[in-house]
Amino acid sequence: MNIPQEVARRRTFAIISHPDAGKTTLTEKLLLFAGAIQIAGSVKARKASRHASSDWMEIEKQRGISVASSVMQMEYRDCVINLLDTPGHQDFSEDTYRVLTAVDAALMVIDAANGVEPQTIRLLQVCRARNTPIITFINKLDREVREPLELLSEIEGHLGMDTVPFSWPVGMGKAFGGVFDIRRNRMRIFRAGQERRGEDDEFIDGLDNPEIPRRFGAAFAQASGEIELINEAAPAFDREAFLAGKQTPVFFGSAINNFGVQEVLDALVDQAPAPGPRQALEREVRPDEPKFTGVVFKVQANMDPAHRDRVAFVRVSSGRFERGMRLKVARTGKEMRPNNVVSFLSQRRELLDEAYAGDVIGIPNHGVLQLGDVLTEGESLRFTGLPFFAPELFQAVEVKDPLRTKQLRVGLTQLGEEGAIQVFRPEAAGGALLLGAVGQLQFEVVAHRLKTEYGVDARMMPSRYTSARWITSDDPRALRKFMDANAAHIAYDVVDAAAFLITSPAQLRVAEDLYPNVKFHALREHGGKVFGDKA
């Protein structure tokens, strides 16, 4: 099959939600319905020692939360689906942001009892800024939840996009009878059960079929009235508006009971876009170009703790990848010939021989590749959009056993390079390493990973710093003067970019007034010392 045909088969999307909306459960059920796994792991089923396929890190299994991003590839209806499961905890929004740069669509999961929640709004803002198409799944209809019309109104009000229901619930909670497929004009009858795949589901055709009101009475009377209202007042589905991120198809269901999952999976194949062109600084890169390009959007250390490995996750942007091909790392100009390249089902890997635009491949390496690196067959290209945001929380870190100092530095270097935490090395001699984060849980996860993956028992201590700004200047002498005058507040990150550590907003304002030739940046791009001014 040629490159354009293979690209047309690809669907690459991320699942996003507020914590506990059921994102991990839906991820599992999509894998189950696509035939990628035989049994769906329940995050809550501790006694059965069964964990979600996408929650593979030890701390995730202990707490039942997603703190790393997982990549899973599966085939369904002659399409190759690349599913990226994002961190569910809000403290890891930076990793989620990076994942959203690697996808062509997003599946938004909303808890029908809670509606649109803060983390959902933040993630949707990122999707809207990138015009990412969004499919919405309103989950947990088998529980006591809010009215569906109210939920649609909230989505439109908070997220600024039109909703187009593809299905509609008949009843809710204990009275949940199923969902009516508006486009196919039939009702799928709800049956509880976590291992069903829908082959034996019961359907009733036609909104005017007397069998439905006979069985579901008042619940259907309300639902049919709402469906008629939707058919009259709601906008028709416009795929161009959907692809522009202005309209979202909406599905209702219960992921834990495998209900409504089939419709979502079909919509991803039928409506989500194949990979499109990507804009580099130098030119537009089209997916069906003959030559390979790819971007490192994630680096993960110790996916296999037994081998202490580091895997670079590369989104293929164009062309065809072949195992052993000669590639150039644009940032360094160095050449590499990766042979042990893998595809993923969470932490399980398989060697692959080829990949196409939209696919995510894993390249094991020992620090050669960094976040934001661009791989090509020789061309020098730069992609932006993978930022480090200025941290808002700081802690100093020391090792309890001085003999493990080297292991601490190795561990923090690797965790810093993968973006799990930001690591700052003070310019002043003798200063403890500083960790910067956007949420408290990041510190806990790093301490846990240092202990379990590197054998380092680290001590975290409070820090007086509240933020940081990377500093540059067109005048090297002006920059050096500022750094000398503020030596106690200067530190270097993992790529040796200088940063000004701040104790209060007033301190930053004073510095900006006193040193007009120095630029203070709230973000730094991955893949080198490229800076921006807005976080």
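Numbering starts at 1 and runs along the chain as displayed.
Just so it is clear, glycine is given a Cβ too, placed from its N, Cα and C backbone atoms.
Residues annotated as domain 'tr-type G' in Swiss-Prot: 8-278.
The 10 Å shell around the Cβ of THR86 (GTP binding site) contains 26 further Cβ atoms across the protein chains shown. Taken from Swiss-Prot, the feature GTP binding site covers 17-24, 85-89, 139-142, and the record attributes it to sequence analysis.
In the predicted model, the domain 'tr-type G' (8-278) shows an average pLDDT of 83.
DSSP classifies SER17 (GTP binding site) as strand under the three-state reduction.
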